[in-house]
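This report concerns only the one structure given below.
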Amino acid sequence: MGITVIGSLNYDLDTFTDRLPNAGETFRANHFETHAGGKGLNQAAAIGKLKNPSSRYSVRMIGNVGNDTFGKQLKDTLSDCGVDITHVGTYEGINTGTATILIEEKAGGQNRILIVEGANSKTIYDPKQLCEIFPEGKEEEEYVVFQHEIPDPLSIIKWIHANRPNFQIVYNPSPFKAMPKKDWELVDLLVVNEIEGLQIVESVFDNELVEEIREKIKDDFLGEYRKICELLYEKLMNRKKRGIVVMTLGSRGVLFCSHESPEVQFLPAIQNVSVVDTTGAGDTFLGGLVTQLYQGETLSTAIKFSTLASSLTIQRKGAAESMPLYKDVQKDA
């Protein structure tokens with residue numbers, strides 16, 4: 001079938017400023033923009049745009065919007081990116097989700113985000129609905145991508161694991177929420193940044209180990225995050241299937257390991273990039289990674305492609321609309 005993203009759709013309200021105001025202070029910002037967003041939408045858009053045009057698999061978005069102007073614009077954005085929106089529901093009496101994003105231009109485009117979930121709160125599916133979304137009798141491998149901007153992704157992950165064993169579960173636990181150790185083992189491809197990686201370790205391993213890692217990170221950042229990546233792979237991942245851990249380290253680069261190459265590898269970030277807005281960088285990276293792996297590329301090749309794609313995204317404003325096309329990445333490769 002292809003790649004399905006189950007997640008959030010938000011309308012982004014972006015304010016660009018030199019700095020954030022202090023408590024009780026009114027500060028004049030530089031300018032204001034609106035964009036399509038939500039981690040689910042961003043990842044689906046990235047997958048749609050970074051998919052090789054010669055590939056014939058489908059890209060689907062599963063989620064909900066309100067019956068308002070914001071919702072219509074979000075659905076149009078997905079369609080323009082080549083994403084099937086058949087299962088994007090429209091709810092009456094509830095607004096489309098929104099994200100208020102504050103972007104500090106004098107701090108390298110770093111952002112802070114406030115979410116109002118709106119119609120994303122309705123993205124909950126019972127077994128009957130899941131059977132309709134994922135019909136029986138499909139033998140093709142499918143990737144299903146999750147984040148944590150919807151109420152209960154874990155219940156859907158458990159259903160897929162039990163009922164569609166040929167599916168690969170891709171999980172980006174953002175914003176982070178702790179889960180029992182056994183539930184992390186349901187994931188086939190885990191994609192985290194350094195903060196989320198450390199949060200997982202803190203939630204499932206003993207405090208003494210966590211304190212030791214925290215103490216050493218300041219002196220050996222890369223070495224300690226290698227240890228975290230190893231822990232996530234060796235102690236949590238479902239190695240019966242693909243078994244991949246990818247950890248992004250912002251401007252430093254990416255750590256990754258897999259069942260094919262359990263030793264943690266490091267790819268430095270692309271340097272000398274003019275950073276405008278980092279909002280869509282992580283979602284672009286995930287989109288590129290998933291498309292490349294689904295198309296049969298090696299993990300190393302997929303990481304290189306994704307790193308280049310995200311480096312192009314951060315040179316433009318916005319999230320979904322700032323993401324490059326497959327041909328743009330190939331041109332810069």
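Just so you know, glycine gets a Cβ as well, placed from its N, Cα and C.
Taken from Swiss-Prot as is:
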- N10, Y11, D12, G38, K39, G40, L41, N42, E149, D283: substrate binding site (BINDING)
- N193, T248, L249, G250, S251, R252, G253, G282, D283: ATP binding site (BINDING)
- D277, T279, T313, R316, G318, S322: K(+) binding site (BINDING)
- D283: active site, proton acceptor (ACT_SITE)
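Sequence features, as recorded in Swiss-Prot, placed on the structure.
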residue: N10; record: substrate binding site; Cβ contacts under 8 Å, 6 or more apart: G37, G38, L41, L74, T96, G97, T98, A99, I115, G118, N120, E149
residue: D12; record: substrate binding site; Cβ contacts under 8 Å, 6 or more apart: T34, H35, A36, G37, T98, A99, I101, T279, G318, A319
residue: L249; record: ATP binding site; Cβ contacts under 8 Å, 6 or more apart: N193, E194, L222, Y225, L255, A269
residue: G253; record: ATP binding site; Cβ contacts under 8 Å, 6 or more apart: F266, L267, P268, A269, T307
residue: D283; record: ATP binding site; Cβ contacts under 8 Å, 6 or more apart: K39, N42, Q43, A45, A46, A319, M323
residue: R316; record: K(+) binding site; Cβ contacts under 8 Å, 6 or more apart: V276, D277, S322
Handout entry: DSSP three-state assignment for N10 (substrate binding site)
Key = strand
Handout entry: Other same-chain residues whose Cβ falls within 8 Å of the Cβ centroid of N10, Y11, D12, G38, K39, G40, L41, N42, E149, D283, the recorded substrate site, in sequence order
Key = G7, S8, L9, A36, G37, Q43, G97, A99, A319
Completion exercise
Not counting D277, T279, T313, R316, G318, S322, residues with a CB within 8 A of the CB centroid of the K(+) site are H35, V276, T278, G280, A281, I314, Q315, K317, A319, E321, M323
Exercise for the section: Count, for each of the binding-site residues S251, T279, T313, S322, the other C-beta atoms lying within 10 angstroms of its own C-beta, and report the residue with the smallest count. Expected result: S251
Practice task
Specify the count of other C-beta atoms within 10 Å of the C-beta of E149 (substrate binding site).
Solution key: 24
Exercise for the section: For S251 (ATP binding site) and T313 (K(+) binding site), determine the Cα separation and express it in whole Å. Expected result: 14
